[in-house]
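Participant: The UDP-N-acetyl-alpha-D-glucosamine binding site annotation in Swiss-Prot covers 9-12, K23, Q73, 78-79, G140, E155, N170, N228, R333, K351, Y366, N377, and the record cites sequence analysis as its basis. What Swiss-Prot records for D103, N228 is Mg(2+) binding site. Residues or ranges marked as region 'N-acetyltransferase' by Swiss-Prot: 252-456. According to Swiss-Prot, the active site, proton acceptor annotation covers H363, on the basis of sequence analysis. Taken from Swiss-Prot, the feature acetyl-CoA binding site applies to N386, Y387, A423, R440.
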Amino acid sequence: MDKRFAVVLAAGQGTRMKSKLYKVLHPVCGKPMVEHVVDEARKLSLEKLVTIVGHGAEDVKKQLGEKSEYALQAEQLGTAHAVKQAKSILGSEKGTTIVICGDTPLLTAETMEAMLTEHQKKAAKVTILTAVAEDPTGYGRIIRNENGDVAKIVEHKDATEEERLVKEINTGTYCFDNEALFQTIEQVSNDNVQGEYYLPDVIEILKNQGETVAAYQTVNFQETLGVNDRVALSQAEIYMKQRINKRHMQNGVSLIDPDNTYISPEAVIGRDTVIYPGTVIKGRVVIGEDAVIGQNSELENSTVGSRTVIKQSVIVDSEVGDDVTIGPFAHIRPDSKIGNEVRIGNFVEVKKSEFGDRSKASHLSYIGDAEIGTDVNLGCGSITVNYDGKHKFKTKIENGAFIGCNSNLVAPVTIGEGAYVAAGSTITDDVPGRALSIARARQVNKEDYAENIHKK
């Protein structure tokens, strides 16, 4: 197999987005457009991948990191000029180069692989990725001869009435013989209204030289969508969400309402897990089998074990074990680790804390900077007082301890193994194992005193 290379065009400013954010960094299902493109291209067994950057170059490099090499297009003078910037990296190579726009996040590796196969089969100097559009207005048309070969590409504004009836369009993705590409690109002129150097001119030059120009038609027009404004961005979001959700359902995950379920492209979900409407799964989330998530829950960069049930809750940058129940209305904040068979109930907030197996905080608690052992019960309204206004301190509750309702544990403090803290206590000192700690004022009953209050 010939060596393969890729050039991703990502230098345009994207003024139609009307945004401070560089166009190709706008996310689709939580992942920047250009990263979708690069990740799919990297599946093609490439020798080198070069991203052409311009506006926002440093931001793009920071996002993609070592996934790509980079070439700078300091002035945006057209697509051929952009590809030419990769000559110092690819110009001396032999093989096939695929050129992809960085604003086509829906393009798949499978389609690109099929295009490369067609390119090799036809022994072409260039192969154009085409699609059939129901409304081809604005697209360049693929005009074929009587043999079905590509005769020319005609831009919409230059097309005759007959040519405008053609629905096969140029998607802007190409395969080139690498040597032919970088030799011919030097011949491209900017003699046009915009004064720019256009990549389709390379195709025209090769065609005029008698070289083979092929086309591969994808059956999925949606895949070729270029995102140039917020309307197209929303369309790409819808198509990508449908693709992701379909993949999970085909892999054995039940989505009760796919149209109202948002799953990141990086998520991994086990079989027989059920996702209810309004669920948002962002970033690198891994969910085990037979879990139940929803409704209206948000998971971000976290792991969730098998058979765990999460209801109307938020989990961020944390680990949750097997057979856990969370919610409704719980918040698991970053750097928390929840063991197996744990119960985190309604209106419980956990921050940077670890819960051992079978421990419970069932109602109305704040647990921050804490290490909770196994089989611990935190009663309703239990609070770890972890902050003195300047510093955070740690609370440790050992195995089998019982914390009564409405208790305040003022850190740093340790509750020993099997200890009991009486309801309503404010604990400021360590409690030994097996001890009962009572830290509240003694109750005083004043007989008939209520009458004096009622008379006021």
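Glycine too: its Cβ is placed from the backbone N, Cα and C atoms.
I would like each feature placed in context: is it buried or exposed, what are its neighbours, and how far apart are things?
Facilitator: In sequence order, I52, T79, A82, V83, V99, I100, C101, G102 constitute the residues six or more apart from L9 (UDP-N-acetyl-alpha-D-glucosamine binding site) in its chain with CB-CB distances below 8 Å.
Taking the Cβ of D103 (Mg(2+) binding site) as centre and 10 Å as the limit, one finds 26 other Cβ atoms among all the protein chains shown.
The DSSP secondary structure for H363 (active site, proton acceptor) is strand. Its own atom aside, the Cβ of H363 (active site, proton acceptor) has 15 Cβ atoms within 10 angstroms in the protein chains shown.
Under DSSP, N386 (acetyl-CoA binding site) is assigned to coil, being neither helix nor strand in the three-state scheme.
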Participant: Using a Cβ-Cβ cut-off under 8 angstroms and a sequence gap of six or more, which residues of the chain neighbour G78 (UDP-N-acetyl-alpha-D-glucosamine binding site)?
Facilitator: N190, Q194, E196, Y197, Y198, L199
Participant: Out of the binding-site residues D103, N386, A423, give me the one sitting nearest to Y366 (UDP-N-acetyl-alpha-D-glucosamine binding site) by CA distance.
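Facilitator: Checked the binding-site residues D103, N386, A423; minimum Cα distance to Y366 (UDP-N-acetyl-alpha-D-glucosamine binding site) goes to N386.
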Participant: Looking at Cβ-Cβ distances, which residues of the chain lie under 8 angstroms from A423 (acetyl-CoA binding site) while being 6 or more apart from it?
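Facilitator: For A423 (acetyl-CoA binding site), the qualifying residues are G379, G404, C405, N406, S407.
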Participant: If we check Cα distances from N228 (Mg(2+) binding site), which of the binding-site residues K23, N170, R333, Y387 wins as closest?
Facilitator: K23
Participant: Give the number of CB atoms, excluding that of N170 (UDP-N-acetyl-alpha-D-glucosamine binding site) itself, located within 10 Å of its CB.
Facilitator: 23
